[in-house]
Amino acid sequence: MCNVAKVEKIAQKLVYAYASSSEDEGELDEKQILDQLYKHYQPTSGRSSGKPGSDKDVARTTTFLENTLHSGAATCLICIGSIRRVEPIWSCESCYCFFHLNCIQRWANDSMMQMKVRAEQQNGNQNQGHYNHLGEFVPPKRQKSLHWCCPQCRMDYQPAEKPTQYNCFCGKEENPQSQPFLVPHSCGEICKKLLQPKCGHDCKLLCHPGPCPPCAQQAQVSCLCGKSTPRSMRCIDKQWKCQQACKELLACGKHRCSQVCHRPGQCPPCSSKSNQPCECKRESKVVSCSDRKWKCTNICGATFACGLHTCEKVCHAGPCGGGECPLEVKTCPCGKNSQMRPCNEAVETCGDTCQKLLSCGQHSCTQRCHRGNCISCPVRTKKKCRCGLHEKELPCSKEHTCETKCKQMRDCGKHACNRKCCGDQCPPCEKICGKQLSCNKHKCQSVCHNGPCYPCKLESQINCRCGKTRRSVPCGREKSARIVCLELCRLPLV
């Protein structure tokens, strides 16, 4: 009995496999499927021909449809196997290429694992940059973020975008069932994806592979300048130009725009040239109309009403401050009181407290209004030294420094700072490196540094075997350098 049950189970599997394969390889009514697919989409050139795929703008979509209607026409680029109509697939958002779902999942996992291993190897090697043969420092390569890409177009996808389930082309239905009257892997609903370029309409085709065809809706639109009568145009061709010239008056007020049909108010700058005066009207020259406002190098020199001072501005338009001398409005030294006085008279102090902020930046001046600089801050406060180890009462304007030497290492990581009262601001190391260079003849003369030293900058002379040809090579490469001698060899054979 047990053997009979096993045989029946095996037979059922074979029958199911045969039924699924025969269903997959069965012929589909392509004409009926295409008519149903394009029922809500009417291209302009397709109306006369009667073929919805005859419009050249939808040829790319038609190609993807043919690959899905013919079983085995589409090939998975990962396993190089045919994609049957009943197998779960995934399509790229950029190139719309089909792949088996399990193949693309394995591809994404392998790609991200290789990136992780490569990043761990770089971190293990402590890639901190290096010096090239010219002595220039080459910084380490920046590590790329973890991602995987499409096997065909190489579009990058994030780890969260790895496909985990089988969806229809428009993404509305999971695990769509294969129907003989629908496009394989389709849910049969209207696509409704926003069309590109964006025009405000969505795709009217049923759920389909490949890119959405361009918008086929008609609209009555005028040209950019609005002078021509509206035309019936396709939605994607709404911005069209007539052949009439703009002829609007440009900003220069002398010439008119000669450009063909553009939006109002977007005329280009005038390209003509004319004789224009400068702002002070003293000089004139031929300049572009778009740059008609220009300044010469003459100082104004106009005398103010006081008769003592003159305007020192360079080439300006309009009066010089109304003719009144700007030095007549004066303030007292502390700046609290202002008054009108002749420009040749000095203003007196006001007798109020100065209250200007002193150089310490914390206290204000307590003297009466005075001329000249304020005194140093006399307030005594407790101040810490720069390194913060000692505290002392000093005038606010003085800096407190102690005699303690800093024991921190400098930026080279080899020598101590030893500066008095450093305060965590150690200067760069000034000692000579002195390391043996790669040539094993000279020592590094650069300032003490981290990382490898620059290659030796000196040169050495090498001779050929007969001594007639010489060549200069970088120091340390005398043994590895090759020299070609064109002279006839005169050395005796050994």
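Using the three backbone atoms N, Cα and C, a Cβ is placed for every residue, glycine included.
Features reported for this protein in TrEMBL:
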type	residues	note
DOMAIN	199-217	domain 'NF-X1-type'
DOMAIN	252-280	domain 'NF-X1-type'
DOMAIN	306-327	domain 'NF-X1-type'
DOMAIN	360-379	domain 'NF-X1-type'
DOMAIN	412-431	domain 'NF-X1-type'
DOMAIN	439-458	domain 'NF-X1-type'
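In this chain, the domain 'NF-X1-type' (412-431) lies apart from the domain 'NF-X1-type' (360-379): fewer than three C-beta pairs between them fall below 8 angstroms, excluding pairs fewer than 6 positions apart. Nonlocal intrachain contacts for the domain 'NF-X1-type' (360-379), taken as residues 6+ away from its ends with a CB within less than 8 angstroms of a stretch CB, comprise 332-334, 336, 349-354, 395-397. In terms of DSSP helix, strand and coil, the domain 'NF-X1-type' (439-458) has 0 helix, 2 strand, 18 coil.
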